[in-house]
């Protein structure tokens with residue numbers, strides 16, 4: 001994993017886990033067109049084994065299938081069109097392997113309810129279902145053979161059977177997290193629950209045994225029991241048995257609490273483990289190498305707090321003397337002279353926290369507790385307020401002036417949250433400046449932009465770049481996200497006209513309507529093709 005991808009993982013996945021794949025596609029889009037030729041799309045016969053899934057047939061296809069891989073796509077998406085023939089070939093291969101496996105696709109631009117239900121943020125997004133239930137996003141290869149291998153692995157034996165202690169020893173060497181089920185016979189409700197978890201879980205290797213010696217070596221003495229065995233680097237071997245009966249939820253919770261070491265270093269190998277842990281809140285100790293040594297007082301205090309909150313917080317360490325620190329320190333705005341420092345993050349709400357004051361064990365414990373119970377005070381970064389308030393007619397927003405401009409109750413504000421490196425944002429810039437020019441004489445409408453890599457606000461949730469949000473005028477007005485793939489001047493103009501609160505008020509009270517200025521010719525001297533549309537849509 002290269003440095004650029006690490007930055008994407010922390011800078012954007014930290015904002016939203018689902019956005020990692022979209023970000024990788026964004027980087028590719030900087031170098032290639034997001035549309036594919038008609039020749040690359042293939043014909044209908046090519047996709048004869050890909051099931052077209054809709055809201056109406058979801059229950060009869062995905063819900064009834066033991067396994068299903070579902071692609072959420074958009075017809076205009078170039079990456080989707082490139083995947084199309086490979087996905088079709090994989091579907092044909094897998095039909096021969098097991099015709100009960102569903103390989104399907106959903107046009108998310110038509111079946112928007114399904115896309116929203118399963119948190120689709122970019123295209124294509126592939127999701128894996130077991131017995132009709134969502135298990136995970138697909139993160140494997142995008143060629144036919146790779147897709148086929150991934151599915152076959154997922155649908156093969158869920159748990160290998162261990163015959164003796166040598167087999168257990170070999171299994172432990174090959175897996176940091178090993179889940180061992182001890183059963184008299186491989187049947188019954190508890191064994192079935194064990195297998196269901198093994199089929200769905202991607203965080204551990206699952207094995208089973210009926211041998212007493214194997215069970216004893218894993219700390220089990222009673223058939224119908226399960227233990228999680230961990231062998232993390234620089235940690236002693238641990239076995240933690242499941243208490244009570246074996247159930248899907250109980251075993252899943254145990255694995256979730258044990259699948260990471262007490263503290264985990266942020267680096268190339270561990271980043272995916274951190275973000276896919278299923279634990280929403282994190283603490284990060286950002287320090288120089290000397291403070292991260294096992295015998296360092298700060299690290300010992302941090303580790304003790306980590307053990308107290310195991311399974312509730314991901315306790316991360318970031319080495320300021322290492323090579324993987326940049327995405328972390330940039331995201332949290334930490335400078336070299338700030339180390340050591342402890343920060344917190346809550347992925348679901350995009351909130352960041354910072355421990356102020358001393359880093360004693362007591363302070364660390366109180367900070368961890370406050371992040372967990374929601375009483376920690378969130379921090380948001382902001383660039384300085386610019387000397388020049390606009391750029392080509394577009395108002396420049398930073399964290400410090402967000403409320404005074406974007407939350408102005410007497411203005412309808414369209415805000416683009418962008419990233420300087422984003423290819424789509426660069427493509428949008430000239431269109432966005434034309435939009436600002438179009439509304440320049442409408443005093444109640446503000447066209448604005450904010451650099452999302454430098455500024456944050458509690459009312460802005462960024463899933464990707466560019467994110468376009470409309471803030472209607474009014475005291476209790478709720479922001480409206482622009483979800484359309486068409487970011488043309490015409491589409492954005494219609495979006496503003498449709499949602500502008502002040503213009504609706506004007507119409508309702510029969511006050512004079514605002515009219516957009518018409519231009520007879522565009523900048524390149526050709527007639528503005530949208531002039532007639534503006535006349536029709538005038539308020």
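In case you wondered, yes, glycine gets a Cβ from its N, Cα and C as well.
Positions annotated as signal peptide by TrEMBL: 1-22.
What TrEMBL lists as region 'Disordered' is 23-48 (among others).
A mean pLDDT of 83 is what the model gives for the domain 'Thioredoxin' (25-156). According to TrEMBL, the domain 'Thioredoxin' annotation covers 25-156 (among others).
Summarising the annotation, TrEMBL assigns compositional bias 'Acidic residues' to 25-37 (among others).
Summarising the annotation, TrEMBL assigns disulfide bond to 77-80 (among others). Same-chain residues at least 6 positions away in sequence with a Cβ under 8 Å from that of residue 80 (disulfide bond) are, in sequence order, 71, 73, 74, 123, 124.
Annotated domain 'Thioredoxin' per TrEMBL: 377-501 (among others), in sequence order.
As annotated by TrEMBL, disulfide bond applies to 422-425 (among others).
If you look up TrEMBL, you'll see 517-539 (among others) marked as region 'Disordered'.
According to TrEMBL, the compositional bias 'Acidic residues' annotation covers 525-539 (among others).
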Cβ-Cβ neighbours of residue 422 (disulfide bond) (radius 10 Å): 20
Distance from residue 77 (disulfide bond) back to residue 425 (disulfide bond), taken between C-alpha atoms, in Å: 17
Other C-beta atoms that fall within 10 angstroms of the C-beta of residue 77 (disulfide bond): 21
DSSP-assigned states of the domain 'Thioredoxin' (25-156) in counts, ordered helix, strand, coil: 54 helix, 26 strand, 52 coil
Number of Cβ atoms other than its own within 10 Å, given for residue 425 (disulfide bond): 21
